[in-house]
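These features come from TrEMBL:
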- 38-57: transmembrane segment (TRANSMEM)
- 112-249: domain 'Peptidase S54 rhomboid' (DOMAIN)
- 121-144: transmembrane segment (TRANSMEM)
- 150-172: transmembrane segment (TRANSMEM)
- 184-201: transmembrane segment (TRANSMEM)
- 207-225: transmembrane segment (TRANSMEM)
- 232-250: transmembrane segment (TRANSMEM)
- 256-273: transmembrane segment (TRANSMEM)
Amino acid sequence: MPREVEDVENRGVKDRARQSYSSSSYVIEDSEAQWTSWLVPMVVVANVGVFLVVMFVNNCPKHNSRIEGKCEARFLGRFSFQPLKENPLFGPSSSTLEKRGALDWAKVVHKHQGWRLFTCIWLHAGAIHLVANMLSLVFIGIRIEQQFGFVRVGIIYLLSGFGGSILSSLFIRKNISVGASGALFGLLGAMLSELITNWTIYTNKVAALLTLLVIIAINLGIGILPHVDNFAHIGGFLTGFLIGFVLMPRPRLGGWSNQIFLLVFTVALVMLFRGENGNDHCHWCHYLSCVPTSRWHCEEN
């Protein structure tokens, strides 16, 4: 780690000499300093704040056409939710999300609104979506920030969200996408690469690896359901996995992972802004985001 980065992060360090870190199956054999987690709580507060602003602007009682029914939780006034038939996650309308920065392929490519690749990770489709993502962020992010510091966690979170947005845009064109899931999957990917590269300093190695793989598999499995953007999950996970090899090891091992990361990002961005459709190059990839069954169809996923 560069000296200047160490100096910045050390302001939040709490010494814990001769103590070992443990979290479920994870036990690190060497002693090290533990950072105080403040960035992850601030990200949670920011996401909640953005959601409240979006709900304030949405103003269901004023803008609801009543075609889908009455607003939910009307006692909340302009913070009340769209009818459940329109948004079952207790949130704003899709038009409000689109206006506030949701990921929309047409606007990113044809109207040159590339900023949506970042803004979409701060928006959520509803209160249920927000709570689920923020609980996951607290559970995963605080552990990583305590161990590796806020600089590395912040880089992984933002770039993974960006990577998830790129892959989502390459494969999903008809619908908008919002949520921090890509960034969260990036943290999971970074945890996996960190475990692999720091294998020798862990006890209960196999148990730790299996636990992490099961968590990843379950969450990716949920992504094959309709109305879930699994491409954002996969893109975020792969981004975090590659960045983890650069930022997480003790000692750091840059090299090949850094080059692969830059190459993949560059190719994906070129394909996106050239208007390439990922489905033209991978005819089975749509099954990664939705698997049709007798109970649902995937055309409108």
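Even glycines carry a Cβ here, placed using N, Cα and C.
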Requested in this report: Please indicate, using numbers and ranges, the residues of the same chain that are 6 or more beyond the transmembrane segment (38-57) and have a C-beta under 8 Å from a C-beta there.
Outcome: 12, 78-79, 81, 91-92, 96-97, 100, 122-124, 127, 130, 133-134, 137-138, 141-142, 145, 150, 153-154, 157, 180
Report task. Taking helix as H, G and I and strand as E and B in DSSP, count the residues of the domain 'Peptidase S54 rhomboid' (112-249) in helix, strand and coil. Result -> 107 helix, 3 strand, 28 coil
Query raised in the report: the domain 'Peptidase S54 rhomboid' (112-249): mean pLDDT?
Result: 88
